[in-house]
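Report on the structure given below.
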Amino acid sequence: MQATAAAFLARPHPRLLRIGRWGPDGIALVRGGIVALPPRLRGPRCSVSLAIGGGAGASEDRGFSYEHVPVFPRYRIRDPYKLLGVDRDASEEEIRSARNFLIQQYAGHEPSEEAIEGAYEKIIMKSYQQRKKTKINLKTKLKKRVEESPSWVKALLGYFEVPSMDIISRRLFFFAFIAGWSIATSAENGPAFQLAISLFSCIYFLNDKMKNLLRASTTGFGVLVGGWIVGSLLVPLIPTFIIPPSWSLELLTSLVAYVFLFLGCTFLK
């Protein structure tokens, strides 16, 4: 491009060549294609260097140089833990702190920043997937733990089951209501009526699972008796200053029996 412009300027122009020599009226004379002014019209010389096209300076202006930007020495490491300099059992707070520190130290170097951010995202995503997988496989792990337990533990756990949270919450609400009812009416009469309702409810829930009324009745009554015995032994051990004065020994024993009835009708097979 520069050579073409120089050749064009050096070529004689046909119109300019018709101009004569220097005359009294200051007509310009063309010599070799270069137009010269009279000496009295000449001013101070100046030279302008115009770079046409892409030179070395233009290429440096278009690109960005990382010459004075600090480069992260481990940004090419593929292991995200080694890249951030944290242990594999590090907490999320430690990982986040390491990421923020490195980003501040090597800010401005785009490859280093991308490597640090990528390593942080990989670790966080892996941690999230592990938590999700652990939550999903909780029942599987518990079942495997039971299978590896001794035979007597297996036989004991064979009498129990874990129902859905909906069933657990509804029965818990029911027996909590019975307990609150017994506390509210303890000053007037004992909780005999509430105990009877709890016993029949427990038998009904057990029969719904066992499909055997005799077995459900025997199991429900046994649960009530066991709860009453445990309550009779446990209540005297409670410090008296914790118990409200209006709560009798019979009421406290009934509250323990409600807990046993809830557990029996909910978790027994």
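Every residue gets a Cβ built from N, Cα and C, even glycine.
What you are looking at is a predicted structure, and each value in this text was computed from that prediction instead of being measured.
The following features are taken from TrEMBL:
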- 167-184: transmembrane segment (TRANSMEM)
- 190-207: transmembrane segment (TRANSMEM)
- 219-243: transmembrane segment (TRANSMEM)
- 249-268: transmembrane segment (TRANSMEM)
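Tertiary neighbourhood of the transmembrane segment (167-184): same-chain residues 191, 194, 197-198, 201, 205, 247, 251, 254-255, 258-259, 261-262, 265-266, selected by CB-CB distance under 8 Å and a gap of 6+ residues from either end. Remote same-chain residues near the transmembrane segment (190-207) are listed as 171, 174-175, 178, 181-182, 213, 215-217, 219-221, 223-224, 248, 250-251, 254, 257-258, 261, 264-266, 268 (criterion: CB distance under 8 Å, separation of at least six residues from the stretch ends).
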